[in-house]
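Colleague: Supplied in structure tokens, the structure appears directly below.
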Number of protein chains: 2
Amino acid sequence: MEILKGADVVAAINEELQDELKKFGKEIPHLAIIRVGERPDDIAYERGAMKRLNGIGLKCSNYIFPETITHEEFTSEFKKVNEDKTIDGILLLRPLPKQIDEKAIETLIDPQKDIDGISPMNLAKVFAGDDTAYAPCTAEAVIEMIDFAGIDLTGKRVTVVGRSLVVGKPLAMLLLKKNATVTICHTKTKEMENTCKNAEVIIAAAGKAKMLNDSYVGKNAIVIDVGINMDENNKLCGDVDFETIKDIAAMATPVPGGVGTVTTSVLAKHLIKAAKLKKIF
Amino acid sequence: MEILKGADVVAAINEELQDELKKFGKEIPHLAIIRVGERPDDIAYERGAMKRLNGIGLKCSNYIFPETITHEEFTSEFKKVNEDKTIDGILLLRPLPKQIDEKAIETLIDPQKDIDGISPMNLAKVFAGDDTAYAPCTAEAVIEMIDFAGIDLTGKRVTVVGRSLVVGKPLAMLLLKKNATVTICHTKTKEMENTCKNAEVIIAAAGKAKMLNDSYVGKNAIVIDVGINMDENNKLCGDVDFETIKDIAAMATPVPGGVGTVTTSVLAKHLIKAAKLKKIF
């Protein structure tokens, strides 16, 4: 089995972005990361994103608010960032604390700065297959990996396990745009093993540690693992039971070191696209 | 094979709506139908919608514009209808002539009056599985038929043939909301026969006369036909070759007299919902 590593995809995207960035001169694209509270997951993702973006030569600013901030206060602070002309893109770490109406914030975000695809305008564009859409970065990272591996999805049977609005659903739309025949499975699916086994490409976005083992994977399948979980020994693992599929699958992505690594490169790509569009219009 | 007729579903919806309508008193829900040009399809659909809505006791007004109307003129006329407080819902017959920017009009429509689900806000809600969404009427008519037949979709293998933004894609989302395992096929799908044959429920929305015959339908499948085409004798027919599946399928919808009949009842249902929400807020 060939192992498709995130690092190789990241290197290829970085190279492409370096070329793009040269055109900007001193007006470096600028990302605002907005975080409420101190959740370790958020802090880890924020740190990773900043490191990646700074490494490419992009600018990041952090806006950190206390977990107890009211909806009104947060909305007012969010609007300031949203309207700040020096900012090209916004990454809002979610979920937000319960007192904040997350849907209201999603509707508020300027679709041109919404580079992680959370606004209704962007979701509608992803749904429609519009080229100007910013799809959620993780969903698009999967497509980047498949493209990098040179896999033509046209007419292929692709099964997505998971139907979230952050990964499963937008990914299904991106796959359709690539002309794949797409099947969406989820917790209520009956005979999940057979459905997955029948797929030429399996994308695991179920959020369940090591759920997909050899009984789910067909001979020579390509397996992309979006899961980030902790196993019984408190070690990072994916949704795929990697060891069990080694002699079955043709190609698979590891966790860690797979899709997750590519996500912040997609974020950087989107930021540059947003900054470019702002300059044109 | 059992034949699932549109008329029975229509009768059930009408009864439900009559009860709803009693609550409105003299403030009868009011639909605006907007048509540009004189396309026979549009005129036929408009006539059918008016007849159905008037029959239920709902109010319809027609706004008809010449095919040569400019984008600016049409936008201005559209805004008048959109802002008219006596109007609860808008049905815009599409496609619009080429000189009109259809996307701009879709973005303009008040989401609360957008009862045929063409605005980005509504599409995003359909995509998200939001209960307050207005899905495109034809897509929802399929769900009405399945519900009427008492079919529980939970965990069932449902294959949708077609990926348009008017039927295939929104329908896939409505089916996911019903907990079906959804496969989306299209023109680029390889081995379409096998994929369809494996489905417990097949929904044909390909727009190709009599395309799905006995080699696409598995034993005891339920077949819902969304197609409206003309056959070689210029007779109305669906996407399903009905005669060939009679001894295979457990249930199927005819064309004419199937899903198409239910569409305007869904339109009436949406109009009443919109009028009700306007009264509440």
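Even glycines carry a Cβ here, placed using N, Cα and C.
Per TrEMBL, the features are:
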type    : residues                               : note
DOMAIN  : A:4-116                                : domain 'Tetrahydrofolate dehydrogenase/cyclohydrolase catalytic'
DOMAIN  : A:136-277                              : domain 'Tetrahydrofolate dehydrogenase/cyclohydrolase NAD(P)-binding'
BINDING : A:GLY162, A:ARG163, A:SER164, A:ILE228 : NADP(+) binding site
Colleague: Chain B sits near which of the binding-site residues A:GLY162, A:ARG163, A:SER164, A:ILE228, counting only a Cβ gap under 8 Å?
Modeller: A:ARG163
Colleague: According to DSSP, collapsed to three classes, what secondary structure does A:SER164 (NADP(+) binding site) have?
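Modeller: Once the DSSP labels are grouped into three classes, A:SER164 (NADP(+) binding site) ends up as coil.
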Colleague: Looking at Cβ-Cβ distances, which residues of the chain lie under 8 angstroms from A:ARG163 (NADP(+) binding site) while being 6 or more apart from it?
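Modeller: A:LYS169, A:ILE184, A:HIS186 - these are the non-local Cβ neighbours of A:ARG163 (NADP(+) binding site), listed in sequence order.
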Colleague: Which residue counts does DSSP give the domain 'Tetrahydrofolate dehydrogenase/cyclohydrolase NAD(P)-binding' (A:136-277) for helix, strand and coil?
Modeller: 51 helix, 26 strand, 65 coil
Colleague: When you measure from the Cβ of A:SER164 (NADP(+) binding site), which residues in the chain that are at least 6 apart have a Cβ under 8 Å away?
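Modeller: Within the chain, A:SER164 (NADP(+) binding site) has Cβ neighbours under 8 Å at A:ALA205, A:GLY207.
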Colleague: Run through the Cβ atoms and count how many others sit within 10 Å of the one on A:ILE228 (NADP(+) binding site).
Modeller: 18
Colleague: Please list, for the domain 'Tetrahydrofolate dehydrogenase/cyclohydrolase catalytic' (A:4-116), how many residues fall into helix, strand and coil according to DSSP.
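Modeller: Secondary-structure breakdown of the domain 'Tetrahydrofolate dehydrogenase/cyclohydrolase catalytic' (A:4-116): 54 helix, 18 strand, 41 coil.
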Colleague: Can you give the mean pLDDT for the domain 'Tetrahydrofolate dehydrogenase/cyclohydrolase NAD(P)-binding' (A:136-277), rounded to a whole number?
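Modeller: A mean pLDDT of 97 is what the model gives the domain 'Tetrahydrofolate dehydrogenase/cyclohydrolase NAD(P)-binding' (A:136-277).
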